[in-house]
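Quick look at what Swiss-Prot annotates:
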- H238: active site, charge relay system (ACT_SITE)
- D270: active site, charge relay system (ACT_SITE)
- S352: active site, charge relay system (ACT_SITE)
- C223-C239: disulfide bond (DISULFID)
- C310-C320: disulfide bond (DISULFID)
- C346-C376: disulfide bond (DISULFID)
- C412-C431: disulfide bond (DISULFID)
- C453-C472: disulfide bond (DISULFID)
- C496-C514: disulfide bond (DISULFID)
- 396-525: domain 'Ricin B-type lectin' (DOMAIN)
- 401-525: region 'Essential for the lytic activity, but not for protease function' (REGION)
- 1-32: signal peptide (SIGNAL)
Amino acid sequence: MKCKKPSALFSALALVGALGAASVLGAASANSASPVAAATVQASSGSAKTSVAATSKSQDGDVLAAIVRDLKITKTQAKKRIKLEEKARQLEPRLQKKLGKKFAGLWISKNGKKIVVGVTTKKAAKVVKKAGATPKIVKSNLTTLKKRATKISKNAPSDIKNVNSWWVDPATNKVVIEARSKKAAKAAATAAGLTAGTYEITVSDDVIVPVRDYWGGDALSGCTLAFPVYGGFLTAGHCAVEGKGHILKTEMTGGQIGTVEASQFGDGIDAAWAKNYGDWNGRGRVTHWNGGGGVDIKGSNEAAVGAHMCKSGRTTKWTCGYLLRKDVSVNYGNGHIVTLNETSACALGGDSGGAYVWNDQAQGITSGSNMDTNNCRSFYQPVNTVLNKWKLSLVTSTDVTTSYVQGYQNNCIDVPNSDFTDGKQLQVWNCNGTNAQKVSFHPDGTLRINGKCLDARWAWTHNGTEVQLMNCNGHIAQKFTLNGAGDLVNVHANKCVDVKDWGGQGGKLQLWECSGGANQKWWRR
């Protein structure tokens, strides 16, 4: 499927989903075009860690291949572009702070070869040149442009339903109004007090309606999960319009995965967050739908306009495009106006609530799409806005969490007599809060007690293999996963940690074929 240039009119912009797990199979991805150099650029308000450079090991071959495929560029071009994008990300907040009211936006050029910064004075242009970017002298600063765009929302005319969206375009230094007629666009501009020369009009026949797979009382299994946060996860607000207390289910098991704590659809936001249900715990990773692989998430630093952008969703899976513009006010109808970022990545029904990623940085939550795989345009809710709004913290792949692992007869995994010597077989014991029971979950998949790793003795894989404590050595026999079903699985043996002979206190731990028995069920406390 080939996407046209994003300057072409897009059709049937719509919401794209109802909640579901990120492991549900979906349709093939589609291609995306080069970006329009237009957007409002903001410094990231999140507290995420600095992203790695373009050559980061986390940018694995599968992810790079998707960028090459969807953006139709070579591998060498992709690597060069990613390096430039990282430079733009670092420059953006620094220049915005240094230039203040002289700053009028930052974006990456259409050819992906230079960083362009809008400024209002020649003196500011010299600062931009010194920083290694290309200045463009314009009339209005970014603050002024944003105020003009905001006036459209505050002074909407009676026929606002015929206005699809509006945004700031720093490349032209104007506000762009997209509507189904010039008359509707002019009415919006007039109501906002915008004068000729300060705005542009784009005419489109779009009918913007909610089209997600949602019916009253259904399981919302048609959406996608975005990012884990501490204590829960994020998804789209229109996937949880029932609000606080609504139960969300996962298509991995068909069972409950979370309970909505807060949601908002309209008044600028399309997001929801739910508390984890039962034994479910999120990891700082996003699937890219290629053989079960994924991308480690290390923060939420915002990418610059013109940067590549990839999306993970249950329907179109892993698709990539460009970040076209920021702070687009999208009118979904029925009073639902949301401020989103626009990309040329493809998204369809069921992708709502999914994750947008730039390199190893979380960017946003899938909200809407034009539902046209021949002219891909999609919109996401910036994740930092949501994290700040509800005071949430993103779970990242670099985090280490410590807890007690409880199981059969409510006993905890335990090192006998706090003897941390190599080769000590682990047991279950009455939970007592000692260091012998504190298990740390590490990003590399190891589980550690007192700095040593849980280990399958001699890397054996047969039933009855002892689970012991050993110095960490990087072998796959020391990697475990605790899934939502409560199975603690050794990755090497693909067998479950099991309490031998269904023993009580002092029962030894071994690996055994997963059976679903109570002596193989574990949870963190």
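Any Cβ shown, glycine's included, is placed from N, Cα and C.
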Cβ atoms near H238 (active site, charge relay system) (within 10 Å, other residues, all chains): 28
Three-state composition of the region 'Essential for the lytic activity, but not for protease function' (401-525), taking helix and strand from DSSP: 21 helix, 54 strand, 50 coil
Rounded Cα-Cα span from S352 (active site, charge relay system) to C412 (disulfide bond), Å: 39
Integer Cα-Cα distance in angstrom, D270 (active site, charge relay system) to C223 (disulfide bond): 13
Predicted model, mean pLDDT over the domain 'Ricin B-type lectin' (396-525): 92
Cα-to-Cα gap, C346 (disulfide bond) vs C431 (disulfide bond), nearest whole Å: 49
The one of C346, C412, C496, C514 whose CB sees the fewest other CB atoms within 10 Å, among these disulfide-bonded residues: C514
Among C239, C310, C431, C453, C472, which are disulfide-bonded residues, the residue with the most C-beta atoms within 10 angstroms of its C-beta: C239
